[in-house]
Amino acid sequence: MAMSLPQLGGAGGPHTQPSLPSLPAHLQSDTHLTAHLASRFHVSHPTARLSSHALISLNTYTNSSKGPDGGKEGSAMAGAEEIADRAFLRLGHRSENQAVVFLGESGAGKSTIRAHLLTALLNKSSTPLSTKLSLAAYVFDSLTTTKTATTPTASKSGLFYELQYDTSATTNPVLIGGKLLDHRLERSRIADVPTGERNFHVLYYLLAGTSEAEKSHLGLDGGSATGTTQKRWKYLGHPTQLKVGINDAEGFQVFKNALRKLEFPRAEIAEICQILASILHIGQLEFETTSQTSVTGDDSGGFSHEGGTTITAVKNKDVLSIIAAFLGVSAADLQTTLGYKTKMIHRERVTVMLDPNGARAHAGELARTLYSLLVAWILETINQRLCAPEESIANTVSIVDFPGFCQQTPTGSALDQLLNNAATECIYNLTLQNFFDRKADMLESEEVSVAATSYFDNSDAVRGILKPGNGLLSILDDQTRRNRTDMQFLEALRRRFDGKNAAIEVGSAQAKLPGSNFMTENTSAVFTVKHFAGEVDYPVKGLIEENGEIISGDLLNMINGTKSEFVARLFGQDALQTVTHPNERTTVMQATVSSKPMRAPSVMSRKTHRTGRPSTAYKRQQQEAMEELDQQSQAGESKKNAKMTLEQGASGQFLASLDNVQKAVTDPGTNSYFVFCLKPNDRRIANQFDSKCVRMQVQTFGIAEISQRLRSADFSLFLPFGEFLGMTDAETILVGSERERAEMVIEEKQWPQNEVRVGATGVFLSERCWMEIAQLGEAVSVSGRYGGLPSSDAGDGLTPAESMAFGASKEHLVSGGNTPLMYGEKAKGGYFTDDTRSEAGVSAFGGGDMFKNLDTREQMAERGNEKSLEEVEEYRDKPSRKRWVALVFFLTWFIPDFAIRLIGRMPRKDVRMAWREKVAINMLIWLMCAVAAFFMVGFPMLICPKQYVYSSNELSSYDGDKGSKGAYVAIRGFVIDLNAFIPNHYPGSNLVSEDTLLNYAGKDISALFPIQVSALCQGKDGQIPPEVTLDNRNTNITGQPQLLASRDIDVNSVYHDFRYFTNDSRPDWYFEQMYTFKHVYLKGRMGYSPKYVKKLARDSSWNVVTIHGKVYDMTKYLQGGLRLKAKAGKPTPNIPGATDFMEDSVVQLFRSAKGQDVSKYWDNIKLSPVKKQRMETCLNNLFYIGDSDTRNSTRCQFATYFILAISVMLASILVFKFLAALQFGGKNVPENLDKFVMCMIPAYTEDEDSLRRAIDSLSRMKYDDKRKLLVVVCDGMIIGQGNDRPTPRIVLDILGVSETVDPEPLSFESLGEGMKQHNMGKIYSGLYEVQGHIVPFMVIVKVGKPSEVSRPGNRGKRDSQMVLMRFLNRVHYNLAMSPMELEMYHQIRNIIGVNPTFYEYLFQIDADTVVAADSATRMISAFIDDTRLIACCGETALTNAKGSFITMIQVYEYWISHNLSKAFESLFGSVTCLPGCFSMYRIRAAETGKPLFVSKEIVEDYSTIRVDTLHMKNLLHLGEDRYLTTLLLKYHSKYKTKYLFSAQAWTIAPDSWSVFLSQRRRWINSTVHNLAELIPLAQLCGFCCFSMRFVVFIDLLSTIVQPVIVMYIVYLIYQVATNPSVVPITAFLLLGAIYGLQAVIFILRRKWEMVGWMIMYIAAIPVFSFGLPLYSFWHMDDFNWGNTRVIAGEAGKKIVVSDEGKFDPNSIPRKKWEEYQAELWETQTQTARDDVRSEISGYSYATKAQGPFSEYGGGYQPSRPGSTAGFGHQNMSRMSLAHSEMPGNRASQFGGSQFFSPEDLVGMPSDDALLAEIRDILKTADLMTVTKKGIKQELERRFNVPLDAKRAYINSATEALLSGQL
C-alpha cells in the first residue's frame, strides 16, 4: 500500500502546512522543522500539529486569541479549542478518559494555553458548575502562580485538573464535577523571594485590592513597623515588584468573588485574608538577642548562672500582636515559640535556643506552613464542593501541567529544583512512551510490524530518579527517614549509581582545600543528573533536612491552643501529617505538610468497569493489574495508618503522587494529547523568532523524532473487526472473513499506511480515520452510542447530578495520619446539586469592608490570650496577707481598677493586684526615702532655719582684696553685693572710679546714704516736718568693720544727699534706691547674736533691742542726734516736739530693756493699731541695723549634733565591718579530711568550655576523690545559643559517657504548674578521670514527659536544687521515693558504693564558676571546727573582670560585698545571702544526724509551687539562693551561716548592660523582700543593739534609701560648689572614712589592683546606688505570670486555676528503699539461681518485669538495664566504701553508666575464649611495646565485635598472664 500524507492545510506556501509529519522526509530534521515553525510564526501562525496527537504552540508574547486575520482562527486559542473538541468527541463517543499533557520551559505560555483549553472544555457545558470549575482554576492560579524573570505568570505547583463526566446516557457527556490536584507547591518562595521576582500573586492581590478599612483591620496600612511613607514588605520582594503591569487590585476582587461563588462564606473569606496578612506580617518580624529579665511563668525560678538567660525576642511587638491576634494565640506564646525550636536528635527531643537568624528562619517556617496549609485547605474545600462521588463518574478529562524544567533554582532550594525536574523528566518520558512504546506490545501481539524509529530515550534518568525502592528520590527519602547525614546520603548514591547508571554521577565527598595537603569533607559536594533538557548539579548540603520539611512541635503545640476555629481547621486537615510520640499517642512531636495532593485521580480510585476496552489478552492483563492496584490503594488508604507520616518525606510523597499521575495518563483506557509550548526567544520580545533558541527546544523535546515516528505509525485506536465493520457500514461486502472484509474497506478508503494497519484481531486506526468512519466531521452531531449499542433513556428531565443524592465522598482521600482531629473538627464535606445552586449570595462585602460585623483585631487578641483553666487548688489567705492587701488598697484607692485594666493593659486580676502592691511598696519606699531626706536636710533646716546673715567680722572678710570671697557692703543692716552693683553704678567711672567704690568693700557705708526722715516715718502724729534730720551712728568700735563717721563727712556722700535742705530735694530717692538694692543686689543682712547685743548694751551703752528677730538701735535718737535744718537762705523753723516723733512708750522700751529681746513687751505695748504700725515702720526704716544671729544657738547646735550622732552610729557599723574584714588572719593549711561531700552543678544552656571548667575544678579539688560525688543536674534537653549539642550531651561527653548508653526515663516530682509537676529524668553514673583524679559522678537529666514538646524537662534552677534536696530529705527521713529517686539511691549505693546517708555536706556551684583547689577543704574544716555552722560561702571574684566597662565597675563591688558586708554579717553568725554560685551546706547534724539543710520545713517551703503574689514571686523567682538562706535562718536559728575569705572561686559577671540590669533588678528586689521576711523573726541572735535584727534592718534601710544617699552627696557637692564658704566637713570626713578604711583593707591584703577598680566603682556610684534601685523598685512586678491564677471562691476561699491541668500525686508511684531493695534482692537471687553465667547475672535482675508494662505503670516499654558493673573489683576496689547488700554484680534497672550493659554482653566471646586468644597474642608480641589497648584492638579484630564491655576483664587477664598468676 502506497503511503501518502494528506495536506491538512490549504493551498499556498510551505507555511500553510500545520502538520509537521505531513512535511517531506527531507524536512524532518530539527533544523528544517525549526525553519518551518519560523515561517509559520512570521505570518502569525504560532501553532503547528503533530498529527492529531499533539499541538505545538509558540508564545508570541502578544494576544494569544488573535490569529493572522484578527480572529481566533490560526491562533493558540484555536489550537487549544481544537484539542478540546477532539477530546470531547472521543470522550462522548468512545467513553475513554482523556488527558491533555503540557510540556515546555518556564515562559513558554503553558498556563495561557491551559486556560484556553479549560475554557473550551467548560464552554461545552455552560452550567453554573462549569463556571465554578473555571473559577476554581483561577483560585488555583492565584495561589500558585508568580512572576519570574521569564514570565509574569509562572506556575509553581504541578496541576492535575480533572473534569468529571457522566457518559453513560448519551454521546454528549454531562459535566458532573471536577477535582483540583496540586503537586508540590514551591514553598521555599514564601519566605525567600528571589531578586527580580515576585511571591505568589494572591499576596499582592491582598495588598492592592483591600479597602482602607480592610487594610486597617489587617494592619496593612503601613502604620506600624516603620516610619516611612511606603512600607517595604520582606515577603513581597523589592517594592518595584508591586508595579509590574499586573492589575493586582482587580485580581483581588476576582479572587474574592471566585471564592464567594465557590460557596465560601464571607467569614471564611475574611479568615483567608487574615491568614494571608499574617504571612506578610511574619516577614516583617525583627529579632534581637536580649536577656530574659524575668522568670517564665512555668519555671520554678532561679538562674543557673550570673545575670540571666540569653534569649531571642521580637523587636516590633506591634507586628507580633497582629500575627498573634489573627492566629488566635497570645503574643507572648508566639514570641517564645519563635525563639525556640524542638528537634528529634538521636531519639531524644531537644529544644534549640535560636539566635536572631535562627528565629528568622523559624518564622519563615511558620509562614511556609501557614501558606501551604491554606492552599491545601482551599483546594480541598473546593474539591469537596465540586467533586462528584467516585461511583457516579464514568469518564474524566485530565489536564496535566507541571512547571517547566529548571536549570538553576532561583529560591536556592535544591529539593524544589530536584522534584520539579523529576516531574518534567517523568512527563517527558510519558510523552515518549505514548508516541514510541505505548502500542508496541499490542502491535507485536497483533503481528503488525512497524519500522523502528531512533529517538533519545531518557529511561536511564527516569529509572535513576523515580524507580521505587532504589531510585534517587527513594534513597533520599530512606536516608531522611533514617536520620542520615548529607554525606551519608551522598555515599548511598555512590553505592547505588556509581558505574550502574549513566544518567547520574556522584561527586566526591572529600576535597582538598587550597593550601592544605589533607582531604577534608567537601561542603560543596554535588551529584549530577543528566536530564533530557541538560545536566544539573544538585548540592547535597542541607538536602536531607530540606526533604524532611519538619514543622517543629513548638509551632504545633502553640497552634493547639488557638482560639481561632479557622486556624484550628487549617491545622486539623489531613494535609498536615503528624508524628506522634511512641509512648504518648496524643502528643505530636513534629509534622510535615504533605507534598502530594489529598486525593488521587479518579482513574486510580475508581473500581467500576472501564468501558470501551478491547478484549484482547493484553488488555485483560492490563485491566486485572489495574484492578489489583486499585484494591491495594483502597486498602492502604482505608487504614489511615499513621506510619505513613513517619515513613515518607517530601521526595517519597512527591514520588507517590507522580506515580499516580503517570499511571492515570498511561492507563489503557486513557487517550492522551500533548501540548508542546515553545519560547520564540529568551528575552520575551514580541514577534521575534530566535532560531537557535527554538531549535534547542525542538531538539530537547524530540519533536523531530516524534514527527518521524508518526510518519511511520500514527495509530490512536484499535477496533476489533466487528466494531470496525459495523462503523463502516460494510454490510454490502458479503464475501470473506472479517479480516478480509476490513482490508477491503481500508483499500477502498485509500488511507495512508501510517494511519491504518490490519492486525490479527482488529484494525489500528489514526484518530482522523476513526472520525471519518464514525462520521464525526466538523458539523456532525451523533446522539447515539457508536457500534449500534442502544442509548439509555435520558428523557426523564433530570441530570445525573439531580437524580442522585451526592454525599461527601472521601474514599479517595490520601491518609493523613491518625490524629486528624487534634487541632479542630474535620472540614465540612458534601456537595449538592450542581446546576441549581443560587448565586445571589455573591455581592459586595460589607460595603467595602469584609470584616464588618466580625471580630475586631483587639477582640481576637483578647480571645487569643484566654486560657482554658482548670481548678487545681483551694486555700485561704493568711491574716498577714489580708492586712497587707488592706494596706495596699488604702494606699492605692485613688487608682481605679478599670484604669489599670485599660491603660495598663492588665486584664488579669492577680496581675493588677501585683501592680497595686508594687505601687504601694514604691510609695512606702519613697516615704522612707523622704523621711531619710528630711532627716538629712529638712530636719536641720526645720530646727535651725538657714539664716543669710553676716557678722561684722564676716562682712570685713568681703573686702574685695585678692583672695577674698567678694566685695560686700552694709547699708542700714542690709548687705549688698558691691561687685554686682559697680558695673551698673550711675554715672559710672567718670565721676567715681571703680577703685574708689571698691575701697568701701567690707564696710558699713550707711553714712554715704543720708535719709529724709519725713519720707520714711510718719511719727506719732502722722506727719514729721521735712527739716528734721537724723545723724548716722559711728560704729567704728572694737571688733567692728571700719565705718565712716558721721562727723567725717565722706566727699562722695553729697552725690546721695537729696534731703529737704539741699538744692535738689528728692524725698523718696533713698527709699527707691534701697528698694533696688534689696531686690537686685541683696546678699543678706547684718547679724548680731543675742550675746553680742547684750555686750553692746552693757559695754558701749547702746540703746539696742531685739524685736521678733530684728535688731534696732535708737542710741542717736536718745542722745540728741536729731535736729532741724532749713533750706539755704531760709531760717531754721522752731517747731516744738518736731524731733520727738517716736511714742514715749517705745522710747522707754529702748531705755529700760536695752540689750534684751523685747518681742513680748512689744506685742503687749499699749498703742492703737494705727500708731503701732507707724512706730514699726519708723523702726524698720530709721533704726534697723540687722537681724538676730541664732546660728550658734542651742537649737541649732542640737540639729547639727543630732545628724552627727546618726552619722557616727552608721560610721561605727563601718568600723565594725572594717574590723570584721581585718579579723580574718592568714590562710592555714587544712588537714586531710574524711567527710563525704556532694558537689552539685545545675546546668542549663552553658557552653562546653564553661561546663568543663566547672566540672574539672571540682574534680581537681584537693580532697579525697572517693569521698566526693560530682552531681550534675541538667535542666532540660535544650541546645543553648552557640552550642551544637544539647547541654546534657555536652556534660556526658565531657564525662566520657558513650552515646550508646541510654537509660530509661523515670518519673519524679518537679516544681511546675499543674501537670508539669510530673517530670521524668534519666540517671547516668560512672567515673571521671582528669589530671590524675578519678571522681565518681552522677548526671541527672530532666527530659520531661513524652507529652512535653517545647523545652522538655526544663523547670528552672530551683527545681534542679529540689531534685537533690527532696532526694536527701527522703533518704534521711526514710520516706517513700519516686522511681527516679530510687534509681539515684541505687546508683549511689550500689554502683558508686557509698550509702547516701554518709554524705554530710552539699557543695553547690554554678555551671560558669571555677573553684580553688582548696575551697572544699577549707569549708569542711570550718564545719568541723564549728558544729553549729549550717552553711558557709567563700569569696567570689570575676574571671572576666576586663571584659567590658560593665564588668569593670563590678570588680570592686564584688570584692567589698564579700570582704565588708558578708564579713560583717559573719561576725553575728548570720550571713543573709549565701550565693548559689559558691556555697556549702550541712546536710545533717554531726552529732545527732538530724537533717538540717534538707529538713522537712525547708524542703516544704522551698518547694512552694503556688507563687501567685508579688512577694512570693520576688522571693522564689528572683532570689532563690537568698530565700534559701532566709529559710535556714528561719528554721535553724541556733545555727550559724558564715563567710570564709580563705575559700575562693571565680565566676563570670554580666558583660552587657541588659544582663547586668536584669541581674541587679533581681538582687535588689529579692534583697528587699527577703530582709522583710527576716525582720519579724524573734530568734535572730546578737548582743545589745548590735543584734542581727539591727543589722538586717540597717541592710534593708540602706538598700531602700540608696537613691536618697546619692542625692544627698550630689546636694553636698552642689553646696560646696555654690557656696565655698560652707563646707560640710563632717559629711566629707565620713565619706573619706568609708573609702579610706576600704583602702586600708585591700592595702593590708596587698590587693593593689583594687585602687583602680575602686576609682571605677566610685565613678559608677550613680548607677549602683541611684539608677539601679529606682529601676528595680518600679519593675518589681516585671514577671511572666504564666497561666496559673487565683480567683475568688466561696466563704473567703481562694481557688487556684491553671491551664496545665490538675496534677495527681498518685500518678507517680513511690516506694521505700527497703521495699524496692527487697524486690531487687528477690529477683536477683532467682536470676542468679537460674543463670549459669554469673557475668551477666545483672541482666535478668534489670529486666525482671516480664509483662509489657513497666513496674511503675504508664504503659511504657519495659526498661532496659543501664549498667551492670560498678568501679570494678580489681582496679577500683578503693571506691567500695559502703557495704553493698546486692548479690552479684551491681546493676541498675533504669540508670545509665559509662561501663557496659547486659545488652552489650549478648553475642560476646566467653571469658575462656578471650583468655586463650590473649595467651596466643602474648606468645608472639613484643613485651617491651605491647599495651592493653593494643591487645584489646587485636581481640576486636579477631572476634569482629567491639569489646568495650569486656575491657576490665581483658586488662585484668593481661596483667595476670604477664605476672605469672595464670
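Here the Cβ of each residue, glycine as well, is placed from N, Cα and C on the backbone.
Over in Swiss-Prot, the protein carries these features:
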DOMAIN    1-778  domain 'Myosin motor'
DOMAIN    947-1009  domain 'Cytochrome b5 heme-binding'
DOMAIN    1804-1859  domain 'DEK-C'
CARBOHYD  Asn63  N-linked glycosylation site
CARBOHYD  Asn123  N-linked glycosylation site
CARBOHYD  Asn429  N-linked glycosylation site
CARBOHYD  Asn483  N-linked glycosylation site
CARBOHYD  Asn522  N-linked glycosylation site
CARBOHYD  Asn560  N-linked glycosylation site
CARBOHYD  Asn1036  N-linked glycosylation site
CARBOHYD  Asn1063  N-linked glycosylation site
CARBOHYD  Asn1192  N-linked glycosylation site
CARBOHYD  Asn1459  N-linked glycosylation site
CARBOHYD  Asn1565  N-linked glycosylation site
CARBOHYD  Asn1771  N-linked glycosylation site
REGION    658-682  region 'Actin-binding'
TRANSMEM  884-904  transmembrane segment
TRANSMEM  923-943  transmembrane segment
TRANSMEM  1202-1222  transmembrane segment
TRANSMEM  1590-1610  transmembrane segment
TRANSMEM  1623-1643  transmembrane segment
TRANSMEM  1650-1670  transmembrane segment
Inter-residue Cα distance where the pair is Asn1192 (N-linked glycosylation site) and Asn1063 (N-linked glycosylation site), in Å | 48
Asn1565 (N-linked glycosylation site): which of the glycosylation sites Asn63, Asn429, Asn522, Asn560, Asn1192 is the nearest Cα neighbour?
-> Asn560
Using DSSP, what's the helix, strand and coil tally for the domain 'Cytochrome b5 heme-binding' (947-1009)?
-> 21 helix, 13 strand, 29 coil
How far is it from Asn483 (N-linked glycosylation site) to Asn1192 (N-linked glycosylation site), counting Cα to Cα, in Å?
-> 90
Within-chain partners of the transmembrane segment (884-904) [C-beta distance under 8 Å, separation at least 6 from its ends] = 877, 912-913, 915-917, 919-920, 923-924
The answer, for which of the glycosylation sites Asn123, Asn1459 has its Cβ ringed by the most other Cβ atoms inside 10 Å, is Asn1459
Return the residue, from the listed glycosylation sites Asn63, Asn1063, with the maximum count of other C-beta atoms within 10 angstroms of its C-beta.
-> Asn63
DSSP helix/strand/coil residue counts for the region 'Actin-binding' (658-682) = 8 helix, 9 strand, 8 coil
On a count of neighbouring CB atoms within 10 A, which of the glycosylation sites Asn522, Asn560, Asn1192, Asn1565 is highest?
-> Asn1565
CB contacts for Asn429 (N-linked glycosylation site) [other CB atoms within 10 A, all chains] = 22
Composition by DSSP (helix, strand, coil) of residues within the domain 'DEK-C' (1804-1859) = 42 helix, 0 strand, 14 coil
Take the Cβ of Asn483 (N-linked glycosylation site) and count every other Cβ within 10 Å, whichever protein chain it belongs to.
-> 13
Which glycosylation sites (Asn63, Asn429, Asn560, Asn1459) fall within 10 Å of Asn522 (N-linked glycosylation site) by Cα distance?
-> none
Candidate nearest Asn560 (N-linked glycosylation site) in space, where candidates are the glycosylation sites Asn429, Asn1192, Asn1459 and distance is Cα-Cα = Asn429
Calculate the distance in Å between the alpha carbons (Cα) of Asn123 (N-linked glycosylation site) and Asn429 (N-linked glycosylation site), and round it to a whole number.
-> 31
Which whole-number value in Å describes the distance between the Cα atoms of Asn63 (N-linked glycosylation site) and Asn1459 (N-linked glycosylation site)?
-> 88
Cα-Cα, Asn1459 (N-linked glycosylation site) versus Asn429 (N-linked glycosylation site), nearest Å, comes out at 84
Taking only the CA atoms, the spacing between Asn1192 (N-linked glycosylation site) and Asn429 (N-linked glycosylation site), expressed in whole angstrom, is 113
Kindly assign Asn1565 (N-linked glycosylation site) to one of the three DSSP-derived states: helix, strand or coil.
-> helix
